[in-house]
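Colleague: Questions regarding the structure given below will be posed in turn.
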Amino acid sequence: MEVTLIDGKKTSEAIKQEIAEEVAQIKEQGGKIPHLAAILVGNDGGSLTYVNNKVLACEKVGFKSTLIHLEDSVTEEELLAKVNELNNDADVDGFIVQLPLPKHISAEKVNEILLPEKDVDGFHPVNVGRMVLNLPAYLPATPNGILELLKRYDIETSGKHCVVIGRSNIVGSPMSIMMAKNAKPGNCTVTLCHSRTVNLPEITRTADIIIAAIGIPEFVTADMVKPGAVVIDVGTTRVVSLTKKSGFELKGDVKFDEVASKCSYITPVPGGVGPMTIASLLLNTLRAAKKEVYK
Ligand code: GUN
């Protein structure tokens with residue numbers, strides 16, 4: 001079977017182009033320029049790259065962006081004060097606090113005090129609850145980016161068995177809920193697998209769609225995949241590389257080289273899901289500036 005490579009980079013560029021055109025129109029009409037702020041704590045290499053990419057993407061589509069880089073040693077109180085400052089800054093339409101945070105800071109506390117109407121990551125309990133209940137909400141960027149790929153590649157999901165591997169708050173859990181919704185894409189029968197799942201390969205072999213978000217490089221091997229399955233790889237683990245100039249390379253959760261030839265569709269790493277996460281964040285920020293979710 002011919003496999004189609006799902007090009008997240010190209011798709012995200014198309015979305016960014018659409019956003020840029022809308023921003024140009026807003027500017028022409030003298031409207032409010034969307035403004036995204038990002039808080040980064042510490043110097044984790046992966047997080048630095050992700051946040052820088054988010055800020056660069058803002059510039060590319062004509063948004064205003066503010067990067068707030070805090071020391072690893074910042075106290076929880078100081079970070080919460082910064083979040084409150086952004087809550088009260090009328091020019092900031094939406095903001096994110098890049099995860100993971102240092103161990104001495106509670107991500108739950110941070111997510112609870114940011115204003116739901118500025119929570120463009122969709123992590124606040126109010127946005128999560130509204131998403132579950134089909135009320136207008138900011139949808140989490142990575143799962144929403146995956147839905148956008150399934151939509152733009154016209155991949156049938158209705159009635160299919162979707163196996164999500166990984167139950168994180170950011171990807172696996174919301175993804176499983178979104179794939180089960182009465183929507184397009186959606187209407188899947190969903191199985192959510194995780195580290196305690198017994199006979200995981202047996203379950204994945206029955207999947208029409210596999211969404212791997214477990215954070216273990218090359219976890220999904222060819223023997224776990226049904227011929228013709230759609231495989232979405234959310235993994236982005238940095239591993240040491242002797243051949244790359246940067247000294248590392250990104251590895252997905254799927255053993256691409258042996259799995260790809262069995263699939264109908266597959267996302268590469270890099271260039272699959274990753275760029276779509278940023279495109280989704282920009283879409284949420286645009287919705288925030290237009291007050292589309294919370295009027
Ligand atoms: N860390 C990994 N993914 C994300 C994300 O989508 N948003 C934030 N804030 N942190 C992350």
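Including glycine, each Cβ sits where the backbone N, Cα and C put it.
Because TrEMBL annotations are produced automatically, they should be read as predictions rather than curated entries.
Feature list, courtesy of TrEMBL:
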BINDING   Gly166, Arg167, Ser168, Thr236  NADP(+) binding site
DOMAIN    6-121  domain 'Tetrahydrofolate dehydrogenase/cyclohydrolase catalytic'
DOMAIN    140-292  domain 'Tetrahydrofolate dehydrogenase/cyclohydrolase NAD(P)-binding'
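Could you give the neighbours, burial and distances for every feature on this list?
Modeller: Here the Cβ of Arg167 (NADP(+) binding site) has 18 other Cβ atoms within 10 Å, regardless of which shown protein chain they belong to.
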Colleague: Ranking the binding-site residues Ser168, Thr236 by other Cβ atoms within 10 Å, which is at the bottom?
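Modeller: Comparing Cβ neighbour counts within 10 Å for the binding-site residues Ser168, Thr236 gives Ser168.
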Colleague: Quick one: which of the binding-site residues (Gly166, Arg167, Ser168, Thr236) have their CB closer than 6 Å to ligand 1?
Modeller: none
Colleague: Give, as a single whole number between 0 and 100, the mean pLDDT over the domain 'Tetrahydrofolate dehydrogenase/cyclohydrolase catalytic' (6-121).
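Modeller: Here the predicted model's pLDDT, averaged over the domain 'Tetrahydrofolate dehydrogenase/cyclohydrolase catalytic' (6-121), is 97.
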Colleague: How many angstrom lie between the most widely spaced Cα atoms of the NADP(+) binders Gly166, Arg167, Ser168, Thr236?
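Modeller: If we measure all Cα pairs in Gly166, Arg167, Ser168, Thr236, the largest is 16 Å.
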Colleague: Tell me, how many other CB atoms lie within 10 A of the CB of Gly166 (NADP(+) binding site), whichever protein chain they belong to?
Modeller: 24
Colleague: Residue counts in helix (H, G, I), strand (E, B) and coil for the domain 'Tetrahydrofolate dehydrogenase/cyclohydrolase catalytic' (6-121), per DSSP?
Modeller: 60 helix, 19 strand, 37 coil
